[in-house]
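First up is the structure itself, then whatever we jot down about it.
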């Protein structure tokens, strides 16, 4: 949990500190790459670490990843230009790719099928706490200390996590020689890099975006060909023959995309369209972080008494209900519509993500649990990137259609909100509100796809079935 907290808080604490860092280092035009470099290397390394954890042990791979992350954190604090900061953030991301998937895999190794959902719920609460604590901690550090401390604060947390893992996790390993699928790893890295770069640049839709998408598709095809003939493939085919594995990854992809409809665009609606403060927008979004761990913990009991499919369907229905509540929010209406929808959507995220993850872990043999978990974590991250691109494009297309003569109308509206008696607010308000409403409609459609993914889970599969199977094997 300490390691997960370290990785989770890194995103929010750095976001808060970036204005101060830019004031010191300069390079505002490179701001996006501070986060993109971290995301790229993290996404590339997640499946690789997952497979290596199966082949060479969880502890060894966790130590390697955590050490890279801490080394990157130290170097980030010493960066003297934005280019160096981006390079060190890439190193951080290369280590972060090990932390979350291996931590989740270790939980699956230590706890039995019935206990896993409850512990995963506790782990989910770490993300909720970090979403609230991170910005506050980042603001406090840059106000009273040098900004380097937002990176160096990872050192005591990471070292403590590594010691506790060494002290209390006696991993049983059966060492033998392995042949790492280097060709598959290379095609995976090229494909993920091209895909994520195309998504990050999607709003411009230039020829280079189409070229990157073509490279991603070609790399995916070559990866598939390589996996068919590899001795020890990066993605064992036996996993993908299971409906639970397919459903869990499709579900993670769709749910991750739908989540961005709230996380990325609800604060903009609350501040820009409704005219509330940043604090009120933040507290509205924080309700999603509260609903997530509560529902994640409850999902364990539901899976124990019903099935994976029933629990996932209930979570998907909550996601649809929360998305529909969001559609009722109007510029002049009560903010409680947005708050209720954020809480319900957070609960839906906790229930669906935990169910998809636990079902995949319980269906995978121990020798493949690392890569199975890593795939689920990766598809959820990919869904978030895809959701940001698709929903962002939806917003931009609507704004271009409704306000073709205004450059960056959302930013313009946000600026005008700070000026008294701004007449232009009235002209921008309705088109911007309608454009953001279109984003919420698109997010609601994604919620229906989550329902379809939940339905793909085989009927009757659940915790009780898995526990009885383990008992029979004994």
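In case you wondered, yes, glycine gets a Cβ from its N, Cα and C as well.
Under the heading domain 'Major facilitator superfamily (MFS) profile', TrEMBL lists 1-462. Taken from TrEMBL, the feature transmembrane segment applies to 27-49, 61-87, 93-114, 121-141, 147-166, 178-199, 205-224, 278-298, 310-330, 336-358, 370-395, 436-457 (among others).
The transmembrane segment (436-457) is not in contact with the transmembrane segment (93-114), judged by fewer than 3 CB-CB distances under 8 Å for residue pairs 6 or more apart in sequence. Within the same chain, residues 247, 251, 255, 258, 261-262, 266, 269, 295, 299, 302-303, 337-338, 340-345, 347-352, 355-356, 359, 433, 437, 440-441, 443-444, 447-448, 450-451, 453-455, 457, 462 sit at least 6 positions outside the transmembrane segment (310-330) and bring their C-beta atoms closer than 8 Å to a C-beta of that stretch.
Contacts between the transmembrane segment (27-49) and the transmembrane segment (93-114): present, as 3 or more C-beta pairs lie under 8 angstroms, all at sequence separation of six or more.
A contact between the transmembrane segment (147-166) and the transmembrane segment (178-199) is absent, since fewer than 3 of their C-beta pairs, 6 or more residues apart, lie under 8 Å. Confidence for the domain 'Major facilitator superfamily (MFS) profile' (1-462), expressed as mean pLDDT, is 86. When Cβ distances are compared across the two stretches, the transmembrane segment (178-199) makes no contact with the transmembrane segment (336-358), since fewer than 3 pairs at least 6 residues apart fall below 8 angstroms. With pairs at least 6 apart in sequence, the transmembrane segment (278-298) and the transmembrane segment (93-114) have fewer than 3 Cβ pairs within the 8 Å limit; the two do not touch.
Contact check: the transmembrane segment (121-141) against the transmembrane segment (370-395) gives fewer than three Cβ pairs closer than 8 Å, residues 6 or more apart, which falls short of the contact criterion.
Between the transmembrane segment (336-358) and the stretches 61-87, 205-224, 278-298, Cβ pairs under 8 Å are most numerous for 278-298.
Within its own chain, the transmembrane segment (370-395) is flanked in space by residues 39, 42-43, 46-47, 49-54, 58, 61, 100-102, 104-105, 108, 195-196, 199-200, 202-203, 205, 234-236, 239, 245, 248-250, 252-261, 264-265, 353, 356-357, 360-361, 363-364, 410, 435-436, 438-439, 442-443, 446, which lie at least six positions past its ends and keep a Cβ under 8 Å from the stretch. Counting same-chain residues at least six beyond the ends of the transmembrane segment (205-224), those with a Cβ under 8 angstroms from any Cβ of the stretch are 184, 187-188, 190-192, 194-195, 197-198, 234, 393.
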